[in-house]
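One structure is given here, and the rest of the page talks about it.
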Amino acid sequence: MQNENDKNVAILKYLLKHKGEVVSGEDLAFNLGISRVALNKRIKKMIEKGIPVQPIERKGYFLDKEPEVLSPEVIKAYLENPLIGQDLHVYEVVDSTNRIAKDLAFEGAPEGCTIVADYQTAGKGRLGRKWFSPPGKNLYFSVILRPRLSPMFLFQTTMISSIAVCESLRNLNIPALIKWPNDVYVNGKKICGVLNEAEIKKNFVEFVILGIGVNVNISLDEMPEDIKNIATSVYEETKNYCNRAKLLSNILDNLYKWYKRLSTGDTASLFRYWREFNFTLGKKVKVDGKLEGEAVGITPTGELLLRDDHGKITAVSSGDVVLLKK
């Protein structure tokens, strides 16, 4: 039996399917198995949330444009996968979506549980850095996975996060690429950060939190001075505002696709796409300001392989990578 929110999702899915058409209230109520009065109450609450459904007197309801509100019913109305994002928690403000996801994971939240926030007061990046998280502009979300994976191969969950974001951005004609180990860049500027955190006990992965932040509708003028020259956003790359709810759902669908491949052991395609999207490989780089060499490959466990001028190859497990000029 559908819960209350699922009925709202079903209403929106139906209206989206018939976008631009007047939908009979009688038909919609019949398909949902609810009364016309109950349907009208639900529609009114959606309108109060900013979902652009128009009641047409004596005819039904009309949706002329795709809703953009970052709400559970809107996000799930766009979702196509059966797992990631189906258990969805949306907040106006949190300290960190990763922190909430971790708490929920310890409480037994199911795989695929997703936490979304419009605003973070203490968003986290790699190496303990702060992630700039203003309200109403970007995407900040965390996904709980419970993979049957050896801890030594956890980097592969980072790979699927970065690839999923790249694919969704490329759907918007944005030439996104991955910088080892996890960030997503466009034309040399960062558009997305990925922070994955795992709980491991007795060499067993209890859960992994995939934390993802994407710069969406923020302009350069709104960014702090210290990141203006090194960051970008969907808006800056396209000069168009993006439907955050729809972009989020597309990323979650792509994430499901790649998680399914990872879960079935199809790491060959995972590594193939990661190499295709990666712009670190084949470049001369410096790691943490000291180790230099050409990035020639990546190991199954995620280490970056550097070859120095003498042909010696060193595996690097973490660090900040800077591309060197030839």
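Just so you know, glycine gets a Cβ as well, placed from its N, Cα and C.
TrEMBL does not curate its annotations; it predicts them automatically.
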Annotated range (TrEMBL: DNA-binding region) out of 25-44, 65-84, 105-124: 25-44
DSSP-assigned states of the DNA-binding region (25-44) in counts, ordered helix, strand, coil: 17 helix, 0 strand, 3 coil
